[in-house]
2 protein chains.
Amino acid sequence: MQEEQNNRDEYFMRLAISEAQAAYEEGEIPVGAVIVANGRVIARAHNQTETLHDVTAHAEMLAITSAASMLGGKYLNGCTLYVTVEPCVMCAGALGWAQLSRIVFGAPDEKRGYSTFAPKALHPKTKVTRGVLEKDCKALMQSFFASRR
Amino acid sequence: MQEEQNNRDEYFMRLAISEAQAAYEEGEIPVGAVIVANGRVIARAHNQTETLHDVTAHAEMLAITSAASMLGGKYLNGCTLYVTVEPCVMCAGALGWAQLSRIVFGAPDEKRGYSTFAPKALHPKTKVTRGVLEKDCKALMQSFFASRR
């Protein structure tokens, strides 16, 4: 059971990583997200803050808006968000409002992550799994910032 | 000087309240926001979470996106946001990313306000003024929730 869940988590995290790679290629900080309901991907998005000139265009925010539009309702209970990097305060606040069942992230973000700055931002029932494909998620970020120096 | 600023703050907060009233009439929780740059309103918005089925469609988020689009850049330093109710964690996170110079709000929000749940979410240089036309901002919220009971 646990191994099956791990495999599933890695599968969906790989999709999130492919979104992060798309961000990378567009010159965006490489963060990608997918939202899954009943084993199906209902939204995928990557960071587009530069392209859209909009600080709110984080991968998670775009994925939430897209998933809610797909479902026709603003609450995403029953859904799992996979995101390559720990959500920031803004995204965690949005995830809290949307009441997702579960959040899975890859790399931690000590500088901006919600677990440091807004540890109670998520809905109390939301389960969090951290560290899935962490190395791959982190490597993408490190490579991006190294290329910018 | 201080009196002049107070008058200016009340003037712009009244515009935010008129946005909140528009939300009220649409059956939305009545929160309104305006963003001002160099004494001019560059964005105005009200909560549209129900209409858009989107938890991210808070007045502040819509105003940030709109102001950035107007200015052609994602940073809003030099701008002041007027909002009728204290921003939530999500909105404070977005305001932090956008680096606004100043935030002015009317009514506090003990249940969801950022000052309780993410006190460091804003940019360290952002100045905050609270309590401008607080009674009017609060009355609109109380009337809305009373009408829903």
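Each Cβ is built from the backbone N, Cα and C atoms, and glycine gets one as well.
Annotated in TrEMBL:
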type: ACT_SITE; residues: A:E60; note: active site, proton donor
type: BINDING; residues: A:H58, A:C88, A:C91; note: Zn(2+) binding site
type: DOMAIN; residues: A:7-125; note: domain 'CMP/dCMP-type deaminase'
| Over all shown protein chains, what is the count of other CB atoms within 10 A of the CB belonging to A:C91 (Zn(2+) binding site)? | 32
| task | Translate the DSSP assignment of A:C88 (Zn(2+) binding site) into the three-state scheme. | result | strand
| remark: Filtering the recorded positions A:E60, A:C88, A:C91 for a C-beta under 8 angstroms from chain B leaves A:C88, A:C91
| said: According to DSSP, collapsed to three classes, what secondary structure does A:H58 (Zn(2+) binding site) have? | reply: coil
| query | By DSSP, what is the split of the domain 'CMP/dCMP-type deaminase' (A:7-125) into helix, strand and coil residues? | reply | 46 helix, 28 strand, 45 coil
| message | Long-range neighbours only, meaning 6 or more apart in sequence with Cβ under 8 Å: which ones does A:H58 (Zn(2+) binding site) have? | response | A:V31, A:N47, A:T49, A:P87, A:C88, A:M90, A:C91
| message | Can you tell me how many other Cβ atoms are located within 10 Å of the Cβ belonging to A:E60 (active site, proton donor)? | response | 28
| Which whole-number mean pLDDT does the model give the domain 'CMP/dCMP-type deaminase' (A:7-125)? | 97
| task | Count the other Cβ atoms sitting within 10 Å of the Cβ of A:C88 (Zn(2+) binding site), across every protein chain shown. | result | 27
